[in-house]
Amino acid sequence: MQREKVAVIIGPTAVGKTKLSIDLAKALNGEIISGDSMQIYRTMDIGTAKVTKEEMDGIPHYMVDIKNPEESFSVAEFQERVRKHIREITERGKLPIIVGGTGLYIQSVLFDYQFTDDAGDAIYREQMEKLALERGVEYVHKKLQEVDPESAERIHANNVRRVIRALEIFHTSGEKMSDQLEKQENELLYDVSLIGLTMDREMLYDRINLRVDIMMDQGLLEEVEGLYNRGIRDCQSIQAIGYKEIYDYFEDRVSLEEAVSQLKTNSRRYAKRQLTWFRNKMDVTWFDVTDGEKTSEILRYIEGKLQLKSNNSK
């Protein structure tokens, strides 16, 4: 049975994935699936750098604005929804193009990841949640480092839910989450062209800093204030970079200037972690866009890899 063709564009935040994906979708008769775990949330537009209607330019986008901020969302649900979109887009004679920066989510779609339906150990989970509240997220993250350093490296301390899930897997099965994933990383389920964008680090960091300034000008403070005033607390959504820092400001833990500075720092660190993840976990063909766009070059590469003809070459 012939595998479905999928183009995937990955790279750190602010590197220019959105524009490239739309240009490629136009040329390759494609439709776009967001591979970002935070763009799924409604009303969280500015802080997630969500693609706008104007930017979409008529290209259908999926996995955007599908959940309310107070709702949780799992990798397993992402996997199920995206695979359904891939199937439906392919059936319409279009090319699915996955775009994003959340490595584990994208990887879970492309490879044969199995997610167990067992409830785990609710008592142990509650104990860990209590520890996180009483002794801090870093304490729980350190416990994960002791039993599963690879997962601890991959999962940020502030993502308490996933930290506790990894601990719970080890507690119930005696097996590391990282080992479980490693077993499932061998075979691609699709005929994939995996493209990565990179650029000079200083230039990327300058772009990230500028993006944060633009977000503030566009109304990020008001966007986060709206969530805060709705009473949204301790939710998966507000762990996102761009929200947790501004929440600290509304909780009077830092000044606005300090919050913005921390947002820039966290965004730069996240970009570095994204690049490390993709380079270590995926067989990516990288294109350096320091000196400008490489749209034509990338288009030719995808055409060759997936044996496609673009609208430009017809």
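The backbone N, Cα and C atoms fix where each Cβ goes, glycine too.
Region 'Interaction with substrate tRNA' is the annotation Swiss-Prot gives to one range among 36-39, 68-71, 88-91, 308-311, and that range is 36-39. A distance of 14 Å separates the Cα atom of VAL15 (ATP binding site) from that of THR102 (site 'Interaction with substrate tRNA'). On a Cα basis, THR102 (site 'Interaction with substrate tRNA') lies 9 Å away from PRO12 (ATP binding site). A simple Cβ count within 10 Å picks out one of the recorded positions LYS17, ARG125 as the most packed, and that one is LYS17.
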